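Annotated domain 'SLC26A/SulP transporter' per TrEMBL: 97-479, in sequence order. As annotated by TrEMBL, transmembrane segment applies to 99-119, 126-148, 168-192, 239-257, 278-302, 348-371, 383-405, 420-439, 446-465, 477-507.
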Amino acid sequence: MKLFSETLFGRCWAKLTTKQELNLENAERSEEPAVAVIYQPKEDEAYPMKNDSDNRNGDVALPIAQNYTKPKEKSLLARRLYILSWIGSYEREKGMSDLIAGITLGMTIIPQSIAYAALAGLSSEYGLYSAFMGSIIYVFFGTIPQVSIGPTSLMALLTLQYCSDKPVQIVIVLAFMAGLVELLMGVFRLGFIVNFIPSPVTKAFTSGTALIVALVQMKTLFGVKVKGIPTPAEFWNNIKVPDAIVGVTCLVVLLLLRQLSSVNFKKKNETTRRLKKLLWYISISRNALVVFVLSFIAYMWIKKSSIEAIPFSLSSKVTSGLPQFKLPPFSFESGNRTYGFFDICSELGSGLIVVPIVAVLANVAIAKAFVKDSQLDASQEMLTLGLCNLAGSFFSAMPTCGAFTRSAVSQASGVKTPMAGIYTGIIVFSALSILTPYFQYIPKSSLSAVLIAAVIFMVDFSPFLNLWKNNKKDFFSWTGCLVVCLVAGVEVGLLYGIVLNMIFVLLRLGNPKVDVNLKQCDSVTYVHIKPMSDVYFSGADAIRTEIRSACILYRYDFPVVLDCSRFMLFDATFIEMLNAVAKEINEQKQIFVLQSLSEKHKPLFPAANSNIIFAMDPLTVDDFMTAEKKANGNGSLMA
């Protein structure tokens, strides 16, 4: 045993006495009476006496706990209209940071929105319709400043899958229905659902989606106009050289401009600092710069000759002007056919559920990546995303969610609050009202290059080796989800990952890990059985098997002690299992001790079952002596 001075308590006592001595010396020097400030309970705050029968560990409820109260919760209005929680402390410095971030994000989101609309099979204006409303709504309800709501490659891909070759009105109704489902998920506080989607599945899902987007855009990048998936020979024979030159050049330029943000200078002075800032702005504005330069070249080419003289493919003509505020088209006519609401829902099928769930997953995953000190309110993010899609559907928008690339741009731009979305929305709004006649001059291959450059860095194969070495279960989740995403589609891949991990959870619940050891309490040797994880009713039979195996291993020579501290949701299944085990052990003249069983559960066992003994942690010899006396008194056991 260590000396008193070597123990933690001894060191603390030495510090306390030394501090009191210093206080006394200082008091003598200042000729003021010394006072030792030690907490003294009030007259009505007497410490309760330790009751061994109720508390074997000596834990005592301290009366000073009543002096501490939980922080006051925000009102429901402040929690839902989240702008009220930060607008009161909004200041000029934050305003300037948000202005810069909002303008920067606006220059990024415009070319991306046009590209994502093309990916979804829509004309360019629908991408911009989807960009400004989400940015503005998120200002009032969003909780993470970096999150940027708008068109994404994921939502565009799902829109293409469920709305391909269908009227554009169905896309708008899909946005409304997705928003409604997301809103209901937020209202009913279903944010905990995303906790059941593990990180490997999310990473595989993201990588799979990025690969699909890149592969889909290869045809447009090289000007290949072949329906379906072409063979390598068909792809090579149908390459349009001018489109390929424009697309590959844009892709290379975009990748080079991306590297400008990582340029470092050996000398650190004001000039290099400003130059680095300039390079950073050029880097994050690369999408807008590339699209603008190529559009300007196409415009001047057409002005000098004609549109037929352009060798590469251009975007389709964009409807000029702002979108009208109107109800989503729940009933419309198209192609000599009348679509009712139920007809539209039938056309969308599983997309009514898959699209909102995938959007919520992506949005919460992005929010988790950027949340810092505050706790993420997933339900509020669901509610906000639902409102963004509902409001967007009134302005002819496609389904939207958060975009990781744009959120990263916001973070790098120094965003402070969601207010940056106001400036982003204004820029998109201005583009719709002024620039729409010029969108038709954008080369299609340049938009494909923008998409590929945006998603290619989201592909991450690092988990392949890491998970194989560290966790085989997560390895199969990641690999299987990625493969299924590429083969069967992103929604099937996501479903595969979720179901596989739910199976792992159920297997864990049905087969809890149990530690079995021979232990000694003074002169008494006993078999100690302790679950190493929480045990629910589904694992009761596994516990019974472990007890039976331990008894056979040690030939029924020792008492059996079962640690019940991790029995969760104690119910009839546990009672039946424990009574059955007690009966089996009783037949072999053994003592059965239930350790750390809650007081409220003890009355559930019949008093006639003399073989069950209750004890707390730590065990003492008295527990075994009590069991021996009780057993001998009933004549059922031998000590």
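From the backbone N, Cα and C atoms, a Cβ is placed for every residue, glycine too.
Comparing 99-119, 168-192, 348-371, 383-405 for CB pairs under 8 angstroms to the transmembrane segment (420-439), the maximum falls on 99-119. Long-range Cβ contacts of the transmembrane segment (278-302) within its own chain (Cβ-Cβ under 8 Å, at least 6 residues beyond either end) map to 104, 107-108, 110-112, 114, 246, 250, 253-254, 257-261, 263, 309-310, 314, 409, 412-413, 438-439, 441-443, 446-447, 449-450, 453-454. Between the transmembrane segment (446-465) and the transmembrane segment (99-119) there are at least 3 Cβ pairs closer than 8 Å, counting only pairs 6 or more residues apart in sequence, which means the two stretches are in contact.
Long-range Cβ contacts of the transmembrane segment (99-119) within its own chain (Cβ-Cβ under 8 Å, at least 6 residues beyond either end) map to 125-128, 130-131, 135, 148, 150-153, 155-157, 160, 213, 216-217, 220, 281, 284-285, 287-288, 290-291, 315, 398, 403, 405-406, 409-410, 413-416, 419-424, 426-428, 431, 439, 442, 444, 447-448, 450-451, 454.
The stretch from 126-148, 239-257, 348-371, 383-405 with the most CB pairs below 8 A to the transmembrane segment (168-192) is 383-405. Under 8 Å from some Cβ of the transmembrane segment (126-148) lie the Cβ atoms of residues 80-83, 105, 109-110, 112-118, 120, 168, 171, 175, 323, 363, 366-367, 370-371, 374, 376-377, 380-381, 383-384, 387-389, 391-392, 395-400, 402-403, 406-411, 415-422, 424-426, 428-429, 431-432, 436, all in the same chain and six or more residues away from its ends.
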